[in-house]
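The structure appears below as structure tokens.
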Amino acid sequence: MAAAAAAPSPSFSKTLSSSSSKSSTLLPRSTFPFPHHPHKTTPPPLHLTPTHIHSQRRRFTISNVISTTQKVSETQKAETFVSRFAPDEPRKGSDVLVEALEREGVTDVFAYPGGASMEIHQALTRSSIIRNVLPRHEQGGVFAAEGYARATGFPGVCIATSGPGATNLVSGLADALLDSVPIVAITGQVPRRMIGTDAFQETPIVEVTRSITKHNYLVMDVEDIPRVVREAFFLARSGRPGPVLIDVPKDIQQQLVIPDWDQPMRLPGYMSRLPKLPNEMLLEQIVRLISESKKPVLYVGGGCSQSSEELRRFVELTGIPVASTLMGLGAFPTGDELSLSMLGMHGTVYANYAVDSSDLLLAFGVRFDDRVTGKLEAFASRAKIVHIDIDSAEIGKNKQPHVSICADIKLALQGLNSILESKEGKLKLDFSAWRQELTVQKVKYPLNFKTFGDAIPPQYAIQVLDELTNGSAIISTGVGQHQMWAAQYYKYRKPRQWLTSGGLGAMGFGLPAAIGAAVGRPDEVVVDIDGDGSFIMNVQELATIKVENLPVKIMLLNNQHLGMVVQWEDRFYKANRAHTYLGNPSNEAEIFPNMLKFAEACGVPAARVTHRDDLRAAIQKMLDTPGPYLLDVIVPHQEHVLPMIPSGGAFKDVITEGDGRSSY
């Protein structure tokens with residue numbers, strides 16, 4: 001049997017229409033070429049073409065997941081997958097596990113081997129379908145799986161051994177849960193007979209990760225592997241996406257079995273709690289509220305990442321301005337005239353002004369987190385609130401809405417658009433005066449920065465990158481000031497272009513996430529905008545981008561400090577430095593550590609730029625150089641991310657001036 005660690009939490013019961021998963025029927029990834037395996041010496045007899053693999057991926061709807069306890073038909077089986085094993089041929093549990101991944105459409109994994117997962121790695125070498133991108137640390141592997149999932153919409157897969165290998169996944173799993181990222185993590189475990197004996201490298205990873213996964217499994221019967229893998233992918237991407245962990249004891253991996261691929265999923269409780277289609281009467285009520293309002297604002301978050309087209313159509317029909325959360329960037333084009341860019345602690349003045357002045361707040365795919373709302377009682381205090389979210393636990397958790405719908409945002413927007421289109425000509429929606437009021441705020445309080453001599457303002461570096469890439473690159477970041485500047489100054493055009501650790505704020509995320517994006521979307525320009533503090537936390541992944549020849553570009557904004565903490569020290573602790581200087585105290589004139597030497601050690605081309613006049617050419621060279629590249633951009637540590645609403649503050653407390661050169 002497979003011992004499920006916990007039933008999927010009701011708080012993660014979601015609708016299935018936009019991101020569900022069932023065996024071999026997954027979201028299309030039309031631009032991803034089949035991975036090359038240069039080191040395979042004895043490929044198995046089956047060779048599937050990329051077209052065959054990707055043609056099996058399709059988007060789920062309610063109708064094709066509603067009957068999860070029925071057997072898969074013979075027609076479905078014939079269409080979805082052809083095994084390299086004969087139907088009655090026994091094979092190891094590890095081979096069953098790898099084939100189960102293949103049947104789910106997996107073509108890339110991020111796996112680091114160890115004693116308890118060796119069997120899985122041996123099975124991976126027998127696969128002609130799955131490429132393993134070897135990270136240099138398990139945290140790099142789980143963050144890469146996240147980057148892959150965030151960039152493609154397809155669940156990322158990471159694999160680690162037991163004990164320290166498994167515990168090294170913890171930050172990535174917590175990050176994926178908070179940011180609703182679909183990943184499947186597989187861990188090796190000590191043999192069943194040794195569980196609970198404090199065996200070498202034994203860690204109860206199911207217990208450790210119970211509160212930071214959407215669901216997890218300890219597989220105690222080899223025959224359960226096909227069902228468990230199928231359920232894991234289904235859970236990871238249905239409803240509100242999230243991480244699922246599968247813990248597989250080593251003796252289960254070694255056991256011979258003839259798998260039953262027709263096992264039904266066993267998720268009756270989860271299925272019964274999924275949201276229904278949006279209530280049409282409630283949608284009509286929302287349209288009525290819009291027609292009655294004078295100052296409506298859209299507040300959109302990561303929950304809108306799958307419904308960008310519907311969102312754009314809704315804005316086109318209503319003329320309502322759009323403010324995005326950090327996780328919502330790209331769902332609506334930042335450069336659009338109706339975009340207010342990002343709201344919240346480091347959001348634009350005009351976005352926060354709009355929310356503060358609004359009489360109707362349309363909150364779509366958001367959770368009213370503290371970095372957006374600040375002081376809850378003061379947030380949108382004049383507005384009626386409409387909250388639509390796929391997670392029922394988020395509705396009313398932080399802010400009580402006037403109207404709420406627990407539904408897939410895509411379906412809700414389709415319903416709203418249909419109603420609006422049917423009333424076109426009858427509804428007289430005119431918010432031009434409101435938009436003009438916001439334009440005044442845009443002109444009065446634009447995003448801006450100062451220059452000092454020939455030093456490179458970090459904001460300017462991102463502006464230049466945006467210009468040279470035409471706003472079309474996939475951007476990953478670490479966490480800190482550089483992250484906020486990347487959110488403010490790069491103009492995101494579409495979803496899955498912006499990869500950042502939002503809820504957890506995990507430093508070290510940027511480079512591994514860029515690796516995942518480069519693997520999943522190899523035809524795109526991928527740039528990791530990083531800080532020296534974040535970058536060095538997973539600097540070992542330079543070896544990965546070199547060995548895998550991944551064209552990841554790293555633009556390092558190097559200020560020799562933990563910049564965001566320094567900013568808070570400047571503002572609230574009288575600039576008292578408490579272990580935030582990352583350079584060499586005995587020689588502050590040198591750049592320490594020398595990031596170029598890290599790159600050189602891994603064979604990655606690198607350069608340093610210190611003068612503003614040299615920056616554009618340096619960034620262009622980075623973009624033009626084939627393969628990976630590191631550009632070390634030296635920036636002043638006195639810069640502050642502005643605007644800033646202090647933690648727990650309200651819009652009236654916004655800070656728009658000053659930096660570390662001043663006293664407070």
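The backbone N, Cα and C atoms fix where each Cβ goes, and this holds for glycine too.
Feature annotations, courtesy of Swiss-Prot:
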type     : residues                 : note
TRANSIT  : 1-91                     : transit peptide
COMPBIAS : 1-34                     : compositional bias 'Low complexity'
REGION   : 1-51                     : region 'Disordered'
BINDING  : Glu138                   : thiamine diphosphate binding site
DISULFID : Cys158-Cys304            : disulfide bond
BINDING  : Arg240, 346-367, 389-408 : FAD binding site
REGION   : 481-561                  : region 'Thiamine pyrophosphate binding'
BINDING  : Asp532, Asn559           : Mg(2+) binding site
Legend entry - Close binding-site residues near Cys304 (disulfide bond), where close means Cα within 10 Å, chosen from Glu138, Gly396, His402, Asp408, Asp532, Asn559: Asp408
Legend entry - Sparsest-packed of the listed binding-site residues (Ser357, Asn559) - C-beta count within 10 angstroms: Ser357
Inset, instruction - Select one residue from Arg240, His402: among these binding-site residues, choose the one with the most other Cβ atoms within 10 Å of its Cβ. - result: Arg240
Legend entry - Same-chain residues at least 6 apart in sequence whose Cβ lies under 8 Å from Gly396 (FAD binding site): His387, Ser404
Inset, instruction - Could you say which of the recorded positions Cys158, Cys304, Ala351, Ala363 has its Cβ with the most other Cβ atoms inside 10 Å? - result: Cys158
Legend entry - Residues of the region 'Thiamine pyrophosphate binding' (481-561) by DSSP state, where helix covers H, G and I: 36 helix, 16 strand, 29 coil
Inset, instruction - For the region 'Thiamine pyrophosphate binding' (481-561), provide the mean pLDDT of the predicted model. - result: 98
Inset, instruction - Starting from the Cβ of Asp532 (Mg(2+) binding site), draw a 10 Å sphere and report how many other Cβ atoms land inside it. - result: 27
Inset, instruction - Note down the number of other Cβ atoms within 10 Å of the Cβ of Ile390 (FAD binding site), including every protein chain shown. - result: 32
Inset, instruction - Return the member of Glu138, Cys158, Asp532, Asn559 nearest to Arg240 (FAD binding site) in space, with distance defined Cα to Cα and candidates limited to these recorded positions. - result: Cys158
Legend entry - Residue pair Ile390 (FAD binding site), Glu138 (thiamine diphosphate binding site) - Cα distance, angstrom, rounded: 31
Inset, instruction - Using Ala363 (FAD binding site) as the reference point, find which of the recorded positions Glu138, Cys158, Asp532, Asn559 has the shortest Cα-to-Cα distance to it. - result: Cys158
Inset, instruction - Around the Cβ of Asp408 (FAD binding site), how many other Cβ atoms lie within 10 Å? Please give the count over every shown protein chain. - result: 29
Inset, instruction - Filter the binding-site residues Glu138, Ala351, Ser357, His402, Asp408, Asp532 down to the ones within 10 angstroms of Cys158 (disulfide bond), Cα to Cα, kept in sequence order. - result: Glu138
Inset, instruction - Provide the three-state secondary structure of Arg240 (FAD binding site) computed with DSSP. - result: coil
Inset, instruction - List the residues of the same chain that sit at least 6 positions away from the residue listed as 'thiamine diphosphate binding site' in sequence and have their Cβ under 8 Å from its Cβ, in sequence order, or write 'none'. - result: Tyr112, Cys158, Ala160, Gly165, Ala166, Asn168, Leu169
